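These features come from Swiss-Prot:
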BINDING   92, 95, 114, 119  Zn(2+) binding site
COILED    128-207  coiled coil
COMPBIAS  304-313  compositional bias 'Basic and acidic residues'
DOMAIN    267-460  domain 'B30.2/SPRY'
MOD_RES   85  phosphoserine
REGION    304-324  region 'Disordered'
ZN_FING   16-57  zinc finger
ZN_FING   87-127  zinc finger
């Protein structure tokens with residue numbers, strides 16, 4: 001047999017009788033014929049048998065299909081030796097027959113073989129009839145799509161207009177922010193200059209009087225020292241020398257009258273008050289309550305754990321490690337390890353109190369100095385403000401009724417304010433905080449009104465007082 005005949009026979013043996021193309025995943029029926037798995041599946045489209053072989057029409061009760069792997073290899077060899085030729089337009093790719101009809105169910109072009117095989121139960125129409133019908137449907141779809149396109153273009157124009165408007169609004173607000181903060185900077189700079197000028201005027205007004213008093217005292221000290229030295233020397237003289245001109249010496253002693261300096265008020269009239277500062281700090285407000293397990297037995301806490309005052313007698317409470325004793329202190333429940341925090345405390349007319357923060361690990365059982373070295377950063381009021389690290393400074397004309405405490409953990413900043421008028425009371429030197437900090441409260445004296453943690457609401461600075 002010639003080589004071309006062998007090649008032709010290989011093509012014929014590797015070709016499916018249904019699709020007339022090389023086998024794809026060939027399977028064998030009970031009668032021994034081979035077909036592509038997908039071709040025979042579509043040919044046997046009905047769910048129940050009997051099933052007829054497309055070649056010999058032999059009936060089979062079940063779909064017994066066995067994979068034919070050798071035939072699959074043969075089909076692959078034939079496909080490599082003789083690749084399928086391109087299918088001309090208008091010709092069925094499966095059967096190489098002219099496309100003459102259109103399947104309305106699968107929306108596909110059919111040749112006569114397709115129509116008689118897997119599409120024999122479908123709605124099949126001539127090409128021109130199907131084309132005319134689909135053309136009408138396409139024209140309706142085009143009309144709908146054109147309307148959709150008009151709407152899309154309108155929406156696009158509106159979206160672009162909205163984007164431009166949004167950018168304009170953002171830019172306007174940006175300019176408002178820049179302008180407002182520039183105004184605030186000018187206002188703060190002017191306020192700073194006014195306060196510094198007032199301080200300088202106070203300094204120039206009071207300091208000469210203080211220096212005059214100090215100079216006068218210096219002169220008196222010099223005169224007293226000279227007189228003392230003279231009398232000490234006279235006491236060492238013999239009787240004649242001691243008594244000689246003694247009248248003059250005694251007269252000068254009797255004439256000595258120490259003139260104390262004039263009393264100069266040590267109250268600064270100028271206070272550091274930044275406009276709007278308290279309102280800004282209230283943005284960092286926290287909801288702080290008292291921890292009863294840390295309260296000294298002499299302290300009485302309210303039911304809502306927001307108020308504390310000295311009791312009339314010591315309570316019988318467990319001596320747990322967290323409790324302050326003997327110090328009259330109580331801590332807040334909140335544990336601070338980062339961030340900015342602000343709270344306000346109503347102290348009313350109490351004559352002495354202490355507020356601030358302390359380390360979680362600070363000693364609460366020994367009576368010692370509540371200093372930063374021991375883990376305490378507190379402001380104490382005893383008629384004047386002071387803390388354990390700084391010398392006492394002069395009393396205010398009007399001690400605050402409400403105290404604001406601001407803590408910036410990362411910045412190492414702790415400051416105290418009069419929450420009533422926003423004036424600065426005290427700022428601790430910059431501190432490197434570490435570990436957990438807790439708010440500290442201490443009513444140092446008995447008072448009919450308690451020390452109360454205020455409820456702060458709203459960002460604008462609106463507050464609810466002690467509840």
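Each position is counted from 1, following the chain as shown.
Cβ atoms here come from the backbone N, Cα and C positions, even for glycine.
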If you run the three-state DSSP split on residue 119 (Zn(2+) binding site), which class comes out?
coil
At a 10 A cut-off on CB-CB distances, which of the binding-site residues 92, 114 has the highest count?
114
In three-state DSSP terms, the structure that residue 114 (Zn(2+) binding site) belongs to:
helix
Going by a 10 angstroms cut-off between Cβ atoms, which of the binding-site residues 95, 119 has the sparsest surroundings?
95
Determine how many residues of the region 'Disordered' (304-324) DSSP places in helix, in strand and in coil.
0 helix, 4 strand, 17 coil
Determine which residues of this chain, when 92, 95, 114, 119 are set aside, have a Cβ within 8 Å of the centroid of the Zn(2+) site's Cβ atoms, and list them as they appear in the sequence.
94, 97, 99, 110, 111, 112, 113, 115, 117
Averaged pLDDT, computed only over the residues in the coiled coil (128-207):
89
Where DSSP helix means H, G or I and strand means E or B, what are the helix, strand and coil counts for the zinc finger (87-127)?
6 helix, 11 strand, 24 coil
